[in-house]
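*Asks:* Dropping the structure in here first, questions after.
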Amino acid sequence: MLPGNFSEISTWLIFAFGLYYFFKNKNFKDENIINFKALIFALSINVIQLITMVYFQPRIATLPASAANPGVFHAWLDFTVVELIIVMIFLIVRQNIYSDKALIKFFKVFIMTFIIYMVAVLLPQLIGTLTKVIDPLLNVIGKLFEQRWQGRNFYVHGSYVTSLRRINGFAPEAGYLASQIGIVFIPVILACIKNEYDFFGKYWHKVRMYWILLILSIIVLFFAKTSTGFYIIGITALMLLFCISKKDRHIVYIFAGVAVGILLVGYIFVSPIRDLIDQYLFHKTGTSNRIGGTKGLLYTFLHYPITGVGNSMTNYFLLKYVPWSTRFNSEYFAVYSASGYPILSNFMGWFAQFGLIIMAPITVYIVKKVKDARLILSKSNDILDDSTQKLYRTVMNSFVFFLIMYLCLSPLIFTWNENYYVIMFFVYVVTISRLKSKLGLK
């Protein structure tokens, strides 16, 4: 049976690509494709999660089954599937990012994909936030490709854009699009600007293309009309200060001052702008739920710091630990009290679900990769080839920006294990490992 739309097609493409590689690669049997330590770790945390879920099941069973309370089998199966997809993505990335040429080819496709996405999807949706002229087209496309939450009224007029006049890029909510742009695309753009590097090998007025993409990204984030988007704009502005020379920083200050001035004047004299800022920045109805949910996850982690409570098993504990003072709002009574209290902070959700026994080794691994990236950055100064040096510095800078953006957004909520986040992470990890070997680093 075919899905109702094509929003999940990327997962099936990755699965199909993985099967194709395993069956067609003639050297498959001779390759040491899986690190033994990584395999033991993956199997160990899977068993630990299953035991944790079984242990807490008697408490969870007191609540009716729902998306926020799926039961042990479905929660364990979901965790296992995520593990398998992560492993599959790693193997695919490792077999394809095997040289500098392959790395450049990947980022060429990456940039072209973003340009096509911007022109074919985001800019038409931007028009849809300002006028109803292309509403029929947006509704048809939205029905085919849009991810949608069941039971929410975000799509009542045919699509998210035509219903709320906000850009979502086919994500279920605008905040998820903002996270995608901020974590996946902006780090690469900023790194190219910082190093004045063009993956296409042609300096077009000192990579003006990347400046254009950055400006368009900020415009899209603004018209996504989500606090996550405004937050990303602020983080991007701060990182941009470290990407340009001191003599050029006054340009950023001027643009920032003009933008703030326009917003201030608009807030005072233009009611639509005032309504937009009030609704999506100052008077967020979900703020109390987010604060309460974060506190609930923190209390859950403090009660069970070693193992956590298990994947997708937090609903019972949130209903127990979320302060009552944060529950008196329409969203809680209309949604959460009926369907369960969701995780509203990825960062605290990781620790509450998985505990230190999983999160501590992962944190140590990421810190080690950051140190490796810094070592490669320092060693790249010894490379005589200017183009190669800029390539390595651009990718390493992009990795650091990626982690900064991901960490800064982790207190908020987005689908942290989306394929595109995992792909980008492993592109950086595989590149770091390859460059360490190539440059003779320990």
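The chain as shown is numbered from 1 upward.
Just so you know, glycine gets a Cβ as well, placed from its N, Cα and C.
Note that the coordinates shown come from a computational prediction; the quantities given were computed from them, not determined experimentally.
Straight out of TrEMBL:
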type	residues	note
TRANSMEM	6-23	transmembrane segment
TRANSMEM	35-56	transmembrane segment
TRANSMEM	76-94	transmembrane segment
TRANSMEM	106-127	transmembrane segment
TRANSMEM	174-193	transmembrane segment
TRANSMEM	251-270	transmembrane segment
TRANSMEM	347-367	transmembrane segment
TRANSMEM	395-414	transmembrane segment
TRANSMEM	420-437	transmembrane segment
*Asks:* Cβ pairs under 8 Å with the transmembrane segment (347-367): which stretch of 106-127, 174-193, 251-270, 395-414, 420-437 has the most?
*Replies:* 395-414
*Asks:* Return the stretch with the most CB pairs under 8 A relative to the transmembrane segment (420-437), choosing among 76-94, 106-127, 174-193, 251-270.
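*Replies:* Most Cβ pairs under 8 Å with the transmembrane segment (420-437) come from 76-94.
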*Asks:* Same chain only, please: residues at least 6 beyond the ends of the transmembrane segment (174-193) with a C-beta under 8 Å from a C-beta of the stretch. Say none if there are none.
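*Replies:* Residues 107, 110-111, 114, 160, 164, 166-168, 199, 207, 210-211, 213-214, 217, 220-221, 224-229, 232, 235-236, 239-240, 243-244, 393-395, 397-399, 401-402, 404-406, 409, 412-415, 418, 420-421, 424 contact the transmembrane segment (174-193) from elsewhere in the chain.
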